[in-house]
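S.K.: According to Swiss-Prot, the record shows the following:
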{"type": "BINDING", "residues": "Lys46, Arg49, His81, Arg98", "note": "isopentenyl diphosphate binding site"}
{"type": "BINDING", "residues": "Asp88, Asp92", "note": "Mg(2+) 2 binding site"}
{"type": "BINDING", "residues": "Asp88, Asp92", "note": "Mg(2+) 1 binding site"}
{"type": "BINDING", "residues": "Arg97, Lys174, Thr175, Gln212", "note": "all-trans-polyprenyl diphosphate binding site"}
Amino acid sequence: MATSSSLFHPIEKELYSVEHNLKSVAGTRHPILYAAAKHLFEAGGKRLRPAIVLLVAKSTSEQQEIKPGQRRLAEITEIIHTASLVHDDVIDECSTRRGEKTVHKLFNTKIAVLAGDFLFAQSSWYLANIGNLEVVKVITKVITDFAEGEIRQGLVHFDPSISIDDYIEKSFYKTASLVAASCRGAAMLNDLNSQMHNDLYLYGKHMGLAFQIMDDVLDIAGSTKSLGKPSGADFMNGNLTAPILFALTQEGKLDQLIQREFSDERDISLALFLIKKSGGITKAKDLAKEQVQAALCCLQFLPKSAPVSSLKELTHFIITRLS
């Protein structure tokens with residue numbers, strides 16, 4: 001199975017540059033914000049989002065070159081993603097992320113909210129300096145999508161009546177919108193036609209959805225060590241994801257546990273057992289596979305190249321994260 005480092009080989013130098021720049025994003029004028037941002041970016045992460053932006057940029061360039069604006073867009077994508085995680089952790093009261101203390105636990109809630117706000121503002125500043133108004137419009141829409149997704153999620157906590165379609169729509173707003181918009185933005189900076197913009201947008205959308213579905217599978221099937229946070233953390237907070245929704249169609253007892261919000265100390269372990277027993281995890285993985293197949297179809301117009309191969313292989317990497 002390919003590793004993320006081998007998949008990123010065509011953009012290895014550019015990704016290293018992005019990583020280096022992220023660690024200095026807050027500057028030294030704001031010591032507390034700098035410390036918070038440094039903590040966030042040094043905690044690591046998969047950096048899949050900036051990598052996808054760079055791969056799209058190279059895949060759609062005749063010379064396989066990455067423009068400065070595209071490199072900056074890759075950084076902006078990760079900054080926006082990180083800002084959203086800071087706010088998510090406050091809302092969900094998470095204590096760890098990527099195996100490290102969350103910002104609001106390391107500092108306090110006020111600093112965490114301000115750090116997230118600062119990163120969103122910083123991303124907007126960098127975005128404006130790319131100098132392409134259409135790209136600015138595409139990317140800034142993502143920030144409103146994040147808020148929309150968070151509101152939708154908050155309104156259906158511990159609600160077993162939500163559908164898979166509701167879940168997919170919420171997942172688009174919270175996760176896939178950023179990947180989709182960033183892919184479109186990278187293509188726009190290479191002056192491609194609108195159909196190509198749309199195909200790459202859809203690639204990003206389907207990849208983002210597949211990634212979110214597999215994240216939700218891992219939340220239930222993964223270990224605390226591999227996740228960097230307690231397993232089952234999302235559904236303990238009432239966030240009902242694909243494996244749970246599929247399990248609900250087979251296990252009536254699970255509905256009862258959700259309705260009482262896992263109030264008994266044994267409810268969580270019983271819920272995990274029922275989800276695994278019902279085949280909910282397998283069905284969720286099948287849903288993720290449908291998304292990656294749709295993503296692959298969106299790349300058919302691109303000529304063969306190493307960056308295109310990496311974009312295709314990334315789909316398999318996402319699906320095999322549990323292997």
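Cβ atoms here come from the backbone N, Cα and C positions, even for glycine.
Walk me through the surroundings of each of these features.
M.R.: All protein chains included, Lys46 (isopentenyl diphosphate binding site) registers 12 other Cβ atoms within 10 Å of its own Cβ.
Its Cβ taken as reference, Asp92 (Mg(2+) 2 binding site) is surrounded by 18 other Cβ atoms within 10 Å in the chains shown.
DSSP assigns Asp92 (Mg(2+) 2 binding site) to a helix.
Arg97 (all-trans-polyprenyl diphosphate binding site) carries a strand DSSP state (E or B).
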S.K.: For Lys46 (isopentenyl diphosphate binding site), which of the three DSSP-derived states applies: helix, strand, or coil?
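M.R.: Once the DSSP labels are grouped into three classes, Lys46 (isopentenyl diphosphate binding site) ends up as coil.
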S.K.: In whole Å, could you give the widest CA to CA gap in the all-trans-polyprenyl diphosphate site formed by Arg97, Lys174, Thr175, Gln212?
M.R.: 17
S.K.: May I ask for the distance between Asp88 (Mg(2+) 2 binding site) and Lys174 (all-trans-polyprenyl diphosphate binding site), taken between their Cα atoms and rounded to an integer number of Å?
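M.R.: The Cα atom of Asp88 (Mg(2+) 2 binding site) is 10 Å away from the Cα atom of Lys174 (all-trans-polyprenyl diphosphate binding site).
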S.K.: From the binding-site residues Asp92, Arg97, Lys174, Thr175, pick the residue whose C-alpha lies nearest to the C-alpha of Arg49 (isopentenyl diphosphate binding site).
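M.R.: Of the binding-site residues Asp92, Arg97, Lys174, Thr175, Thr175 has its Cα closest to that of Arg49 (isopentenyl diphosphate binding site).
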